[in-house]
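The structure appears below as structure tokens.
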């Protein structure tokens with residue numbers, strides 16, 4: 001089964017460029033504004049959209065993404081609401097891949113079978129569940145694959161050649177390489193080291209390898225895009241959203257444009273990587 005993710009990477013290969021992948025938290029700062037931002041991302045140049053599932057204990061997230069999750073939860077966002085929002089997005093956009101990213105607990109409480117049915121119906125294309133290792137593939141990974149969803153694994157600088165085959169065994173869509181050891185937004189990515197790491201991963205898989213964590217500027221995005229199949233930006237976009245809010249943490253008239261403007265600049269950085277490599 002070919003997913004939107006597979007189709008998008010095939011298109012990008014023909015164009016000779018890497019993907020620009022965005023991350024934002026569902027429902028941040030409120031459901032209506034969140035939907036408006038997500039609708040604006042493809043127009044700004046996003047090739048793939050990752051949407052965070054708000055959770056009360058996000059252990060891999062840095063302060064910015066944790067704050068985004070708190071804002072979303074305070075605004076009443078739920079997993080049901082997240083899926084409903086994606087369904088609304090799909091009314092306007094049937095081609096941009098959407099990946100849900102988060103933790104297993106909300107999915108478990110929702111019910112795995114019901115979650116997969118509802119996610120597929122809403123238009124979700126893939127899942128990244130950061131706290132489910134390959135040893136737990138029977139919990140969600142295998143059922144997701146059977147439901148036609150890509151299950152995207154994380155590889156890190158500490159994932160050695162002995163561990164990689166297990167990480168990659170049931171991975172589909174793309175591999176998400178975490179360029180730094182730590183929480184989101186905590187450091188800058190080293191594009192030279194990333195290039196070596198991506199090359200090592202590609203010796204084990206034919207899947208695209210996208211790189212995230214530590215990409216905050218168009219120049220950084222270009223450097224990563226020159227050395228990988230995609231640059232993932234989350235914390236910088238979340239910071240732009242946060243900076244646009246009023247004193248009470250509510251959306252302003254400039255919130256959507258603040259995020260879209262940064263996304264457009266980052267997208268241009270990614271697209272310039274192809275030009276630099278030619």
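The first residue you see is number 1, and the count goes up from there.
Here the Cβ of each residue, glycine as well, is placed from N, Cα and C on the backbone.
As recorded in Swiss-Prot, the features of this protein are as follows:
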ACT_SITE  50  active site, proton acceptor
ACT_SITE  61  active site, proton acceptor
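You'll find the Cα of residue 50 (active site, proton acceptor) roughly 14 Å from the Cα of residue 61 (active site, proton acceptor). The 10 Å shell around the Cβ of residue 61 (active site, proton acceptor) contains 25 further Cβ atoms across the protein chains shown. According to its DSSP assignment, residue 61 (active site, proton acceptor) is coil.
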